[in-house]
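These come from TrEMBL:
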BINDING   36, 37, 144  divalent metal cation binding site
DOMAIN    30-259  domain 'RNase H type-2'
């Protein structure tokens with residue numbers, strides 16, 4: 001996982017999927033696959049979706065080694081459990097998708113908005129397909145729900161008709177294979193956040209000057225995160241890409257502290273119907289294109305000489 005997260009940190013405005021080796025036994029025996037996420041609510045950093053799968057006959061062994069809902073475990077416990085899971089390569093496989101804050105915001109700010117629930121569904125579906133493409137013999141899937149469980153289960157069942165789908169609230173505390181997935185997702189999220197590399201100044205300069213920059217857990221209620229947001233805002237361009245611009249927390253700060261920017265609205269003009277007469281008009285008329293109102297209003301003229 002560390003190598004994959006290193007790749008993400010070098011280009012953290014894009015998503016990345018990191019996968020383990022598929023155990024031979026998982027290609028032969030019927031396997032259960034669990035899905036869970038970490039980092040859905042924070043205003044900082046990526047959201048991570050994780051899957052874990054193993055033979056259905058050995059699911060209880062995940063409970064034996066201590067797999068539980070990652071939220072009930074300390075960071076140290078999660079790290080040790082992930083190392084244990086990763087060492088069980090003879091019968092356990094896993095994968096995570098790290099979804100960048102930039103990707104989340106771009107989806108939510110689209111003209112046809114792609115909600116966080118839809119982003120979550122897309123990631124879960126993509127990870128199931130990834131496991132199947134690697135020839136893991138997945139026969140049952142257990143998912144911690146996003147939205148109404150019944151609708152989500154029907155959606156997944158339609159996409160994967162040969163697989164038994166179970167979508168449930170609190171699945172991470174009910175099914176060991178989902179608990180294991182939650183640990184993978186949480187460990188990846190914590191590492192991606194703590195090792196974040198800023199591409200924007202002045203954050204790069206701070207690093208060069210060996211000044212420590214703290215941003216906390218990324219949750220809106222975290223005092224360290226609140227301080228980071230309050231002190232690290234560009235009045236015109238907003239926040240660095242670590243921040244989810246689409247979150248109400250960051251939007252409120254931008255509205256109260258940021259400079260109001262007015263954009264020329266040319267959409268109405270662009271959408272006006274063009275008469276066919278335009279193409280068959282008097283050829284004696286000038287063909288000089290009309291200048292945009294932006295330039296006319298500001299009395300701007302083309303420069304023909306460079307002094």
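FYI, residue positions are counted from 1 along the chain as it appears here.
Each Cβ is built from the backbone N, Cα and C atoms, and glycine gets one as well.
Because TrEMBL annotations are produced automatically, they should be read as predictions rather than curated entries.
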Winner by Cβ contact number (other Cβ atoms within 10 Å) across the binding-site residues 36, 144: 36
Neighbour tally for residue 37 (divalent metal cation binding site), based on other Cβ positions within 10 Å of its Cβ: 24
Overall pLDDT of the domain 'RNase H type-2' (30-259), taken as the mean: 91
For the divalent metal cation site built from 36, 37, 144, further residues of that chain with CB within 8 A of the site's CB center: 35, 38, 49, 50, 143, 146, 171, 172, 178, 181, 182, 185
